[in-house]
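Undergrad: Found this in TrEMBL, in case it helps:
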type	residues	note
TRANSMEM	B:20-41	transmembrane segment
TRANSMEM	B:361-384	transmembrane segment
TRANSMEM	B:416-437	transmembrane segment
TRANSMEM	B:444-463	transmembrane segment
TRANSMEM	B:483-510	transmembrane segment
TRANSMEM	B:531-550	transmembrane segment
TRANSMEM	B:570-593	transmembrane segment
Amino acid sequence: MRQFFSFLLFSLLSICVHPRAASASSDYHEQLVLRPLPLSALLASFNFRSNTTLSAFEAHNFRFFPRSLGQILQHAGTRELHLRFSLGRWDAESWGARPWDGAREGGTGVELWAWLDAETDEEADHKWLTLTNALSGLFCASLNFIDSTRTTRPVMSFQPEGDHPNSTETNTHLLYGVLPHEVVCTENLTPFLKLLPCKGKAGIATLLDGHKLFDASWQSMAIDIRPVCPADGECVLEIEQTIDMVLDIERSKRPRGNPIPRPPPGHELKCDTSKPYHADDTCFPADYSANQEWSLSQIFGRTIKGTCPLTDPNTPPVCLQVPESRSVFISNGSLEKKNADGASRCYEIEPEAEFEMILPAPSDAAQTENKAQAELQDLVKPETPLLYAERSFTGHGQERGGVQTILRNPSPDREVEFIYMESLPWFMRIYLHTIEARIEGQSGKQRDSLIQEVYYRPAVDRARGTQLEVRMRVPPASTVFLTYDFEKSILRYTEYPPDANRGFDVAAAVITILNSTDSVSSSSGRSVAYALRTTSLLCSLPTPDFSMPYNVIIFTSTAIALAFGGMFNILVRRFVAADEGPEVSLGGLKGRLMDKLGKLLALFKSKGGGIKKTE
Amino acid sequence: MPRLLSGALRLRRDPRILKLPPYLSVLCILVGVVWLFLLPLDEYSRRTYISENALLPGQVHTYFGGSDQNVFRAYKHEVNALVDKSNIEVNDKLESIVKGLGLKVGRQNFTYHSAGNVYSGENAYAILKAPRGDATEAIVLVAAWKNVKGELNRNGVALLLTLARYFKRWSLWSKDIVFLVTPDSIAGPQAWVDAYHDAHDSARVDSLPLKSGALQGAIAIDYTQESRFESVHVVYDGVNGQLPNLDLINSVVNIAGGQMGMGVAIQEMWRHNNQYPDRLRTMLRGMLKQGLGLASGPHSSFIPYHVDAVTIQPFGEGWQDEMAMGRVVEGTFRSLNNLLEHLHQSFFFYLLMQRERFVSIGTYLPSAMLVAANFTIMAIALWVKSGHQPSEEVSKAVESKTAEENPRNPAVERDLFLPLGFVTGCQFLSVVPLYLFNHAPETILTPLFTVFAVLNMALPHVLSHFLTRYYTPTAQQYQLIRSFSLLLLGMFLSSLATLNFSLALLVGLLTSPLTFMQPWPQSPVMRTACAVLLNAVAPTAVLVASAAYWQLEIGAILREAAFAWDVYDMYSPVVVWCVWWPAWLAGSVTVLGKPAGRRSRLKAKAT
């Protein structure tokens, strides 16, 4: 009976769902782009995009749009939301430009920025609080720790990605919060996958395994929600979920049951036999293997289990970016489509079959003299990023410090104009007058010619962090040092975290590169060409030696409390035996009366006693 | 209570109380010295323990070995091929090897000038980025191309390369690992650490092209021995007597001694039976090294920047091979990798007397403080005394009266100008030797020292003659000179004791005769004896004596001191020339002094 019902239910459901799914097939896309990078790394970009019309959204009619998130957005009046979970470092020197031009990544930890509908700043703050707390529960991240000291309102750095009708612009508030110390891990991945229509059960999301994702050299999970208004048609609310990760091929290929990199047996070592001293027991390693063979199941630990039935059939689910000359093996039934540019190819997957892909090592790599060159031939050449940025602390000691950012423009003929944004904790008090930009190799300060605009919102102790936005430019083929000094505050001893001596994380600086001036009129409306984040920093503040004075404080307090308590008791209280004292259990008027009576009696008795004694 | 107060007041007037301080001073010194010798006993020292629980030393399996030995042999061949090459060629080769491993390489030039010599070279270093890290923290592995004795660190550099390749395979690092190869053991690491913290003089030392996060610890490998070794020697003395956190030493001892089963030695005590004499010897060696404040290895330069560091040296003939040494480093790095916070336990002030026994600052500090206090006690006593008329002058006048009615020593006015001027002058004069010995070129250091030593012997006589001739100081003024000089000495030494205990104790003991020096106008024998004694404990004489004892050349010692001053800011010369020497000078002049009677002085003034 039950089986029958469930069958009935299922068939009913499929009747209801199926035609609609077919009609709305373009509402959900997913795609995985794999790109081998130099130094035996592999970039895997997962992209999931779905949308719902604004009217359906407002009518609480969610389809591909995750309901849990949609309700939060509606409750907090959020127009546009960007959430980032990142870990590791992007090695721009060898991997080149960032995926998505840096638009889908954040600094280490968690980053959140959103445009909220609110009449006043206070209302915006209130809604922001609601939003962070709700998201914190949804994503199992400490987003609720984004309080006023970690929230800023960027003026120049962020532009809305979606289309907002002009009427609401004045009531839209941009708030930006960042948690650099948050460790991103599997508990953040699970809710992320739950937002997908296929929940990681089918399609490319089956490859997402916490073990592999968090063993990546760099990874970034992003959620972007924005209203999109196409020129023809209804406005839609689009949610785009992106996971980018760079896997170390050698490390990923290690079997899961034996993750320890034990030294291989001597005969398995790949040696450089050309060395004169080469012998059985002497081996100059040549096994740093660029372009080694890999397959999906080796790298991700599993194969792709079919396609998600809800996805748009016109978008190929897997793409691989390698030169056309390289051969790739794929499982039966899949179709390869080479793109016209010669640097990428995409695969159509059968809906129910498992998909496996093997990229064999290029055959002539071993013979070529120059290993690095051979490696580059067999890869799509990484694009040079528009700007390299590196930030570090200068100085030492517990009182003052400095921050130095080295910005290098690799382009020989193009000037780069960008906005450099720092949101610093309040206990780093920067000296704005020390902010200075100079070009390497040139003496003197070129502050005025390099720094064009500074927006500075000073910190308020324990209430608000420092916000610094600098619009500046780097001339072609030059390196600019941007430096400023700061003073470290002394915290109250209750304000230190349990791991006080670790230091305090300082969030990554956000660098937003603007498109060149000729295309757009005003500086505020200029589109973003590229975004990058520096690494986060660890700022050590003067920390009391909690282990010793702390013990002393606790010990003396305890001793004083004990001694004082005892002394005070002896001085103030009168000690009587239990049967002599007033009965505590009596309550109300009767009790009080009895009490008074007892006292009177006691008074008489004692007088009598006293008289007796004198006699 | 009132009885107690009146008793104290009566005691204050008691003339015997002014006789007490010299005995008190002697007692302080004696107790201080005896205290020191009690420390190695079981009752006063403690067993070491790991205070930072996150370290968990020796709790992990180490896998370095197997075919890594083949790789090590190959790298050893590569290093051997570089033996007679220049610094640049060595770094070129190292760079190509390390780049082949997929690490980022940086190089840094440095040039130091000291005592007319030029110390220059090029550091090469590579950064292994923590696979999932974010460049906030880093640990350093150092192998100097040449160790402190100038021997080639072949195995050390080859081991560093092998470990770099091995560490690259692990994905568990939470901190970046920096592999640093420096041409020498002192100047190179110093230049690198200075530049890492942007504390360098950019005229002498280049900035670093690559940087990582805050340094959390450093291990240096000094592995020159070619044959198999038995034990490892942990060198931990930092610049200016600063020490790394004891937890780091304990971790290395625990990993090498406990996990690897090799012996661990400290302070060049190759055999240690853990009995009183050996413990005392270890402690005294440690104190001497600490007191001198010299850098003892590549790790020393890290310690002033609050980066805990030690050097590990294999020694002895045994059966441990390079892989065992590599596993010690691996184990220590795994421990450091566990650290959640910077090592911060109050474990920076200690004296080790065996690898597993130490005394903490609370136990040993009174020793140096007592020695320093003896000067202060005497200085205060002299100040009080100088405010009263000398007893022999008044004794006749008050013989008939009782002490209670009239104080035996009526108060007199103090002539402060001459004593203050003299002591200040001595202090300022001390800049001369400090400047001379730190800036003279090496060739004239020995003759300069000879000349200075001779002049130094004559100087008190000249000054004393000058003083008696032109100022005819009274006994009171001599007392005040002593008082001020001792006050300064006591003050300097007690504050120094908290920074560098051993140096404070050393200087305190060598200057202790100064407490008891006074003019001997009536007794030329005593005067000569005191002057001879003082000359024997003069800074110059002590330097000559110690050079003779350790069979070193004076020139070499002074060159080292100048190098230390110029390169890593060792402050021991300041203590010797600006604390010890002026006190000695003031003491010597007092001994040779011929105080004029107060009356004669007054007469002279009246006429």
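Counting begins at 1 with the first residue displayed.
Using N, Cα and C of the backbone, Cβ positions are placed for all residues, glycine too.
TrEMBL entries are annotated by machine, without manual review.
A description of the local structural setting of each listed feature is requested, covering burial, neighbours and distances.
TA: Long-range Cβ contacts of the transmembrane segment (B:361-384) within its own chain (Cβ-Cβ under 8 Å, at least 6 residues beyond either end) map to 18, 20-22, 24-26, 28-29, 31-33, 35-36, 39, 44-45, 349-351, 479-480, 482-484, 486-487, 489-491, 493-494, 497-498, 501, 504-505, 508-509, 511-512, 514-515.
Residues 115, 433, 436-437, 531, 534-535, 538, 540-541, 543-544, 553-555, 558-559, 562, 585, 588-589, 591-592 of the same chain lie 6+ residues outside the transmembrane segment (B:444-463) yet bring a C-beta within less than 8 angstroms of a C-beta in it.
Panel annotation: around the transmembrane segment (B:483-510), residues 29, 32-33, 36, 240-242, 286-293, 349, 351, 361, 364-365, 367-369, 371-376, 378-380, 382-383, 386, 419-420, 423, 426-427, 537, 542, 572, 575-576, 579-580, 582-583, 586-587 of the same chain, lying at least six beyond its termini, place a Cβ under 8 Å from a Cβ of the stretch.
Residues of the same chain lying 6 or more positions beyond the ends of the transmembrane segment (B:531-550) and with a Cβ under 8 Å from any Cβ of it are 449, 452-453, 456-457, 460, 510-511, 513-514, 517, 557, 576-577, 580-581, 584, 587-588, 591-592.
Same-chain neighbours of the transmembrane segment (B:570-593): 239-240, 291-295, 422-423, 426-427, 429-431, 433-434, 437-438, 459-461, 463-464, 467-468, 473, 478, 481-482, 484-486, 488-489, 492-493, 496, 503, 507, 510-511, 513-514, 517-521, 527, 530-531, 534-535, 537-539, 561, 564, counting only residues six or more beyond its ends whose CB sits under 8 Å from a CB of the stretch.
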